[in-house]
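Trainee: Have a look at this one.
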């Protein structure tokens, strides 16, 4: 799409501009997630869902109709700003399950995120530029020719519209446990002076809640890695072979991502909850981060394969990489949601999404820039070409791995009542 805006001077610069479009959404979300978290704690989870999904319907459609680079960037920014879905969904998923089933609830959220990360690029790969791909259905010089990227965006908006209607029937979870809400109501009515002070204190210390903040910071580092990896993977796959890429078409990338997606969903909904029970959310996250590093460094060597072997090995690598990533992230989701009481869960997840979005805003832009740079140094003696990109990604992963250990990561001490269950 960026190529068609004719804003990039060279082929290599396209990656950088594409990164800005991806980053605009995250920047918007970064600026407003705390606000949406507060709204979710105050007015309930449902209104935030509905507003967020309607924003997707409107701005995603307009994004598909973008005629200039800046229009595209602004639409993504507005969509991010009105999108309080992710933090609220994590709070909601924690609340509709008892503690022993929370791993399933939150792994469903990350599975959904995983499905989106895969269906999205796949839809884009199959439905963008329909006039070129399916000329017998979409005639030349028609509406579809003028807006070649409208179709995949329209499909997503239509899906979002169906979901927005479906939201009418989901139950609200904010009033589930009255004990934590009574003190808030009292404080708002000013009927109890002591209660008032207590709530303000109770409501203020999230940033000093180290079990929460340490898991959020670690989560931000892994998010930076994941979003940058996703961006780099697609751009590297379609790069020409002389630049260390795979010379794939967007269909090829779509296929590999779709295969990974199916595997990811199966893993999240069947294996993850039992693995999490066996080794705890953090034990398994540490192992996953350790395995991820050698796996990713092998990508540059996978590029030396060709034909069917390349396809099969890359699919397996991609499946493993996505499973490892989602295992780490889901473990950290669990820690975050267990570190706070319900009446602050919206805000706690808001802080997490704010931090993540800030890092995610840096990610695609940085990933595109590092890939562009590495493709200009194909003959370097130290880590030539794409070896450098995957090495850079691994430095971020290694930093995240260090953060999964004490003294950095603190787990919340269980309250006595929890230990009796």
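Numbering starts at 1 and runs along the chain as displayed.
Note that Cβ sites are derived from N, Cα and C of the backbone, with glycine treated the same way.
Taken from TrEMBL, the feature domain 'Major facilitator superfamily (MFS) profile' applies to 1-412. Annotation source TrEMBL lists transmembrane segment at 17-36, 48-67, 104-127, 147-170, 206-225, 253-272, 284-302, 308-335, 347-373, 385-405.
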Trainee: Tell me, roughly as an integer, the mean pLDDT over the domain 'Major facilitator superfamily (MFS) profile' (1-412).
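Mentor: So the average pLDDT across the domain 'Major facilitator superfamily (MFS) profile' (1-412) works out to 84.
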Trainee: Ranking 104-127, 284-302, 308-335, 347-373, 385-405 by Cβ pairs under 8 Å to the transmembrane segment (17-36), which is first?
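Mentor: Answer is 347-373, with the largest number of Cβ pairs below 8 Å.
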Trainee: I'd like to know if the transmembrane segment (48-67) touches the transmembrane segment (253-272) in this structure, counting it as a touch only when three or more C-beta pairs sit under 8 Å and are separated by 6 or more positions.
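Mentor: No, the stretches stay apart by this measure.
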Trainee: Do any residues of this chain, six or more beyond the ends of the transmembrane segment (206-225), have a C-beta under 8 angstroms from a C-beta of it, and if so which?
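Mentor: Same-chain contacts beyond the flanks: 289, 325, 328-329, 332-333, 335-336, 339-340, 344, 347-348, 351-352, 355-356, 358-360, 362-363, 393, 396-397, 399-400, 403-404, 408-412.
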Trainee: Could you tell me what the rest of the chain brings near the transmembrane segment (147-170), counting residues at least six beyond its ends with Cβ under 8 Å?
Mentor: 1, 4, 46, 49-50, 53-54, 56-58, 60-61, 63-66, 120, 123-124, 126-132
Trainee: Have the transmembrane segment (284-302) and the transmembrane segment (385-405) got at least three CB pairs under 8 Å, pairs 6 or more apart in sequence?
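Mentor: Yes, since the transmembrane segment (284-302) and the transmembrane segment (385-405) share at least 3 Cβ pairs closer than 8 Å, they count as touching.
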Trainee: May I ask for the residues of the chain that lie six or more residues beyond the transmembrane segment (48-67) and have a Cβ under 8 Å from a Cβ within it?
Mentor: 1, 36, 39-40, 75-76, 78-79, 82-85, 88-89, 92, 147, 149-154, 156-157, 160-161, 163-164, 167, 170, 346
